[in-house]
Amino acid sequence: MLFKQQAWLRQKLLVLGSLAVGSLLYLVARVGSLDRLQPICPIEGRLGGARTQAEFPLRALQFKRGLLHEFRKGNASKEQVRLHDLVQQLPKAIIIGVRKGGTRALLEMLNLHPAVVKASQEIHFFDNDENYGKGIEWYRKKMPFSYPQQITIEKSPAYFITEEVPERIYKMNSSIKLLIIVREPTTRAISDYTQVLEGKERKNKTYYKFEKLAIDPNTCEVNTKYKAVRTSIYTKHLERWLKYFPIEQFHVVDGDRLITEPLPELQLVEKFLNLPPRISQYNLYFNATRGFYCLRFNIIFNKCLAGSKGRIHPEVDPSVITKLRKFFHPFNQKFYQITGRTLNWP
C-alpha cells in the first residue's frame, strides 16, 4: 500500500514538474521574443526622466502590451496605479488629420513603439464645443495610463479642418508636435465618399453618385462646397494652423506610401518625435488576403486593422478624375512649398 502511494506521489510530482517546466519555457520564449522585437529605448535622456535604463526594464513593455490594457479599462486600483508610477498624460503629439488619409493606420503602427501609448478612441475634444467645455482635466482623464517617460498620442481627423481647433490646441500646449497624414487629394475624396456611401447603404438610404457631388451641374466646374473636395484642399487648412504653430512643429506623412512601404514613413515619424528607432520590418507583414500591411507585436500577438480598411472604391468617370486633379494641382504645389515635402501627385 505504501509503495503504491509513493508511486502515485512520484507520478503526480512528475506531471506537476512537467507543467511547471512547460510554463517556464513558454514564459521565457514570450519575454525573449518581446525583448528581441522591441528592446526598451534609453528614454531617460529624451524626456528628462530620473530613471536609468536599468530602472526602466522590460516590465514597461510588458505592461504596455498587457496590464496597461487593464488600467485603460478602469480595472486598476489607485494603489496599483501608484505602485507602477502610472499616469494619465496629456498628449505630446496629435495626429490632426486628414480624414481618410490613414490616421488610424498611422496611430496603430506608431503604437508598435515601446515608448508610445495611444488613445484608443477619437476623443473629439478640440473640435466639439460640448466636450471642450468640460475642460482640460476631462480631456486628460480620457488618456490611457502610461509611464511618465512614455509619450501619449491621440488622433482626431476632424481637428485639421475645424476652424477653432488650432487656437485651442495652442492654449493647451504651444510646443506640441502635430502629425498630418495625407493622400493624393482625388483618391482621398473618393475614399471619403465611399465611407459615407457605405453608411447610407447600411441604412437603406439612396445617395448621389460621386460625379454628381464633386462637379457642380450648373457650371460643370469642381464643387468646392462638397465637403470631400474641400477637405482635400490641404493648403487652405494648413494656412490656418500656421497662424499658431511654426512649420517645424508639423510632420507630413505620405499616406499613400504608408500603405505600400510603411517602414520608411514610420522611421521618419520616429525621428520627428525624437524617438530611438525601434519599429522594424519584423513588426510589419503584408497580408495578401486583405491587401495591406498588418502589425506584429511579437511571435504571439499580431493585429490587422478593421475590415473597413481597404474598401473597394466605386468606378468614377475618368474625365471627372482628370478635372479634379487639375483643380487640386496648384493647391498641391503650394502644399509642397510650405511643408518642404514633395509627394509627386498627378
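Keep in mind that glycine also has a Cβ here, set from the backbone N, Cα and C atoms.
Remember, it's a predicted structure, so these values are computed and weren't measured experimentally.
What Swiss-Prot lists as topological domain 'Cytoplasmic' is 1-12.
Among the features that Swiss-Prot reports, transmembrane segment is placed at 13-32.
The average pLDDT computed over the topological domain 'Lumenal' (33-346) stands at 85. Annotation comment: Swiss-Prot describes 33-346 as topological domain 'Lumenal'.
Summarising the annotation, Swiss-Prot assigns substrate binding site to Glu122, Ile123, His124, Phe125, Phe126, Asp127, Asn128, Lys155, Ser156, Pro157, Ala158, Tyr226, Lys227 and lists similarity to another entry as the type of evidence. Within the same chain, residues at least six positions away from Phe126 (substrate binding site) with a Cβ under 8 Å of its Cβ are Tyr132, Ser156, Tyr159, Thr162, Glu164, Val165, Arg168, Ile169.
Under DSSP, Asn287 (N-linked glycosylation site) is assigned to a strand (E or B) in the three-state scheme. Listed in sequence order, Tyr293, Cys294, Cys304 are the same-chain residues six or more apart from Asn287 (N-linked glycosylation site) with CB atoms under 8 A from its CB. The annotation N-linked glycosylation site is assigned in Swiss-Prot to Asn287 on the grounds of sequence analysis.
Reduced to three states, the DSSP call for Cys294 (disulfide bond) is strand. The disulfide bond annotation in Swiss-Prot covers Cys294-Cys304 and is backed by similarity to another entry.
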### Query
Once the DSSP letters are reduced so that anything not helix or strand counts as coil, what is Ala158 (substrate binding site)?
helix
### Query
Sorted by position, what residues of the same chain at least six away from His124 (substrate binding site) have a C-beta under 8 A from it?
Asn131, Ser156, Ala158
### Message
Applying a 10 Å Cβ distance cut-off over all chains shown, what neighbour count does Asn128 (substrate binding site) have?
### Response
16
### Summary
In three-state DSSP terms, Lys227 (substrate binding site) is classed as helix
